[in-house]
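The annotation [4Fe-4S] cluster binding site is assigned in TrEMBL to 39, 40, 105, 136. The feature domain 'NADH:ubiquinone oxidoreductase-like 20kDa subunit' is assigned by TrEMBL to 39-149.
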Ligand code: SF4
């Protein structure tokens, strides 16, 4: 769309679209919420530490309040008692917001699937999940991969053409499938 204008200005001038600029800004500054539910949270903490350095992706600013966070990483066993709290935290996050289900417990109940009467059999029963990161626990590299997939979803979002409305966009339907290259 901008091909006619590309390269027609001096060097050091960049032309882009509003959509690309907005998506790039959010994808490059995802703020996860600070909370963990069980052992998977230890791997999540490792991602934020120096060895894996989540800040390389612009996503290291873990927020202590849902009102400043746009990424919920559900890391650990979701019990029925905790599920209502997870839902409440999710609803307190501003739109647009994203959810990663990290680990077997979060995705489907994990080792508690058969006999754990107290465990929710998948956090997608509580909040809408964007990316699943399997494992028990997943390696920190796996969570990094999941965060990059969230960034792909944000970058593919259509800001124009009515698919994205400000200031409070709806959570569903903003994302085009990203072609696998
Ligand atoms: S998936 Fe495994 S490591 Fe993660 S919370 Fe469940 S039991 Fe713990």
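Each residue, glycine too, has its Cβ placed from N, Cα and C.
Bear in mind that TrEMBL entries carry predicted annotations, made automatically and left uncurated.
Mapped onto this structure are the features recorded in TrEMBL.
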{"residue": "39", "record": "[4Fe-4S] cluster binding site", "DSSP (3 states)": "coil"}
{"residue": "105", "record": "[4Fe-4S] cluster binding site", "DSSP (3 states)": "helix"}
{"residue": "136", "record": "[4Fe-4S] cluster binding site", "DSSP (3 states)": "coil"}
Just to be sure I understand the packing, how many Cβ atoms besides its own are within 10 Å of the Cβ of residue 105 ([4Fe-4S] cluster binding site)? 30
Among all chains shown, work out which of the binding-site residues 39, 40, 136 has the most CB atoms within 10 A of its CB. 40
Identify all same-chain residues not among 39, 40, 105, 136 whose C-beta atom falls within 8 angstroms of the centroid of the [4Fe-4S] cluster site's C-beta atoms; report them in sequence order. 38, 75, 76, 77, 102, 103, 104, 106, 110, 135, 137
